[in-house]
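Asks: Quick one: this structure, given as structure tokens, is what I'll be asking you about.
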Amino acid sequence: MQSLSHAVKTSLPNYLSSLPVPDSVGGWFKLSFKDWLALIPPTAVVVGIGYISYQALCPAAQRKSCSGRCNDNIRKHEAKVVDMIDIENIADKAAFCRCWKTKNWPYCDGSHGEHNKNTGDNVGPVVIKRN
């Protein structure tokens, strides 16, 4: 406990008072390279605390976080979505959805294109062809 007390009461104030913080706006332009390097650690701490606070308290940051769920709307009442398609019923080829965005489940309708554009993903359909 004594080391924490020493750090808070003595070391931290001494460190902060030794930082080369200028008194005027023009003083920032007169700082040397060594002075700028000395300002990096406290700046990184302040930016880190600000970022963590933003992530914890800002509703917009929390809204963007993903739940990890890939199926947002297809047959949600079922415990597991399974489709059996007889290969004999496929004409020459069929494209099946892998992104869960289609309105024509289980067939692909190209909905992944907008998803890929918005998220930078590269998902596409599974294409089955008959020989």
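Positions of Cβ are set from backbone N, Cα and C atoms, glycine also.
Relevant sequence annotations retrieved from Swiss-Prot are reproduced here:
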- 1-35: topological domain 'Lumenal' (TOPO_DOM)
- 36-58: transmembrane segment (TRANSMEM)
- 59-131: topological domain 'Cytoplasmic' (TOPO_DOM)
- Cys97, Cys99, Cys108, His112: [2Fe-2S] cluster binding site (BINDING)
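Distances, neighbours, how buried they are, the whole picture for these features please.
Replies: Per-residue pLDDT, averaged over the topological domain 'Lumenal' (1-35), rounds to 91.
Sequence-distant contacts of the transmembrane segment (36-58) (same chain, six or more residues past either end, CB-CB distance under 8 Å): 16, 19-21.
Counting residue by residue with DSSP, the topological domain 'Cytoplasmic' (59-131) contains 17 helix, 9 strand, 47 coil.
Just so you know, the Cβ of Cys108 ([2Fe-2S] cluster binding site) picks up 20 other Cβ atoms within 10 Å once every protein chain is counted.
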Asks: For the topological domain 'Lumenal' (1-35), how many residues does DSSP put in helix, in strand and in coil?
Replies: 23 helix, 0 strand, 12 coil
Asks: Take the topological domain 'Lumenal' (1-35) and find every residue of the same chain, 6 or more past its ends, with a Cβ under 8 Å from one of its Cβ atoms.
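Replies: Distant Cβ neighbours of the topological domain 'Lumenal' (1-35) are 42.
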Asks: Using the recorded [2Fe-2S] cluster site (Cys97, Cys99, Cys108, His112) as reference, state which further residues of the same chain have their Cβ within 8 Å of the centre of those residues' Cβ atoms, listed in sequence order.
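Replies: Everything else in range on the chain: Ala95, Phe96, Arg98, Trp100, Lys101, Thr102, Asp109, Gly110, Ser111, His115, Val123, Gly124, Pro125.
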Asks: I need the most crowded of these binding-site residues: Cys97, Cys99, His112. Count other C-beta atoms within 10 angstroms of each C-beta and give me the top one.
Replies: Cys97
